[in-house]
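For reference, the structure discussed in these notes is given below.
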Amino acid sequence: MSTFRSIEWKKDKLVLLDQRYLPEKTLYLELKTVDEVARAIKEMTVRGAPAIGVAAAYGMVLCVQKLSKNDDLIRELQKADDLLRASRPTAVNLFWALDRMKKIWQGFNGSLEDLKMILEKEATDIEREDVEINKQIAKNGVELVPFGAKIIHHCNTGSLATVDYGTALGVIRYAHEIGKKIHVFLDETRPRLQGARLSAWEMKELGIPHTIIVDGASGLVMKKFKIDLALVGADRIAANGDTANKIGTYNLAIVAKYHNVPLYVVAPTSTIDLKTPAGQDIPIEERSADEIRCVGNSQVAPQESPVFNPAFDVTPAELISGIITEKGIVYPPFKENLRKLFESA
């Protein structure tokens, strides 16, 4: 069974698998500054909410490692924190990881060397926990996958979107590993083709039977192939269960509802943001118009044509059958049950 990591820490540098070039090329980048990490997040060298959070934590480590006792420690760390927070606005794991790091450095009274050591340990803890959490999510979610299941999936939620194993694709991977004889239909996921480029690459590496489809084929596929369930990830889950995920998830959820296909959101509890009341309160990133006007290096639309290119949409809670987390599966009513999930921690 193949395995791969999108992120690896090597003491004084962060090594990232550059996802912009998959599946054509497998390239790794070595990042040595917080500015490089912020740029990698913004340019989607690294992507996926959990992976972004881990990368940001290591960005803070790279910042503190460059500081000397003559530097204004808090000022420099705050600048790095602000830079990373501005890199991508929607994925709450980014802010969650930076908040964990900030609890340590804000008001720290020890030596600079101690702070360097403690921040590095916190980042490696966040990395390690991500893998452990993903494997527990997979074990919790696999009970929803029947033998011989046909599953539809949007975007990429596997090892490339996390440190390792994955969230929604982690459930799929575990179902395959225990012999459930599944078949996965992968939305190509325009405009950046994370389904066709990344999820299909992961499925090929893992030997999981799969078929790539265009995003607009989901309804036909559900009807023709009798899809059993839809599994998607999340970049932010509001307190009422509304879920921001890759653009096209909302469409998939509507089609799934019409065809009576249960749609489950798969995410760690760090993606649940109880401070955000509802989907309308989630900031939605908009990306370059050229992502729509071009495919690769080829222009496919007039340069003068206006473009609306949100990176995410919000799926209303009423279209979601359940939310699979490391602490269990949360069912409606989400506002009440998500709160209970944290109260029981």
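Note that Cβ sites are derived from N, Cα and C of the backbone, with glycine treated the same way.
Here's what Swiss-Prot has on this protein:
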type     : residues                                           : note
BINDING  : Arg47, Gly48, Ala49, Arg88, Gln194, Asn245, Lys246 : substrate binding site
SITE     : Cys155                                             : site 'Transition state stabilizer'
ACT_SITE : Asp235                                             : active site, proton donor
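Mapped onto this structure are the features recorded in Swiss-Prot.
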residue	record	Cβ neighbours (10 Å)
Arg47	substrate binding site	26
Gly48	substrate binding site	30
Ala49	substrate binding site	28
Arg88	substrate binding site	22
Cys155	site 'Transition state stabilizer'	29
Gln194	substrate binding site	26
Asp235	active site, proton donor	31
Asn245	substrate binding site	28
Lys246	substrate binding site	28
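Residues Arg47, Gly48, Ala49, Arg88, Gln194, Asn245, Lys246 are listed as the substrate binders, and the farthest two of them sit 17 Å apart at their Cα atoms.
When the recorded positions Ala49, Arg88, Asp235 are screened for a Cα within 10 A of the Cα of Cys155 (site 'Transition state stabilizer'), none qualifies. In this structure, the CA atom of Arg88 (substrate binding site) is 11 Å away from the CA atom of the residue listed as 'active site, proton donor'. Same-chain residues that are not part of Arg47, Gly48, Ala49, Arg88, Gln194, Asn245, Lys246 yet have a Cβ within 8 Å of the Cβ center of the substrate site turn out to be Ile52, Ala91, Cys155, Asn156, Ala161, Gly233, Asp235, Ala311, Phe312. Across the structure, Arg47 (substrate binding site) and Asp235 (active site, proton donor) place their CA atoms 10 angstrom apart. In the three-state DSSP classification, Ala49 (substrate binding site) falls within a helix. Taking the C-alpha positions, the distance from Gly48 (substrate binding site) to Asp235 (active site, proton donor) comes to 8 Å. Following the DSSP three-state reduction, the secondary structure of Cys155 (site 'Transition state stabilizer') is coil. The secondary structure of Gln194 (substrate binding site), as reduced to three states from DSSP, is helical.
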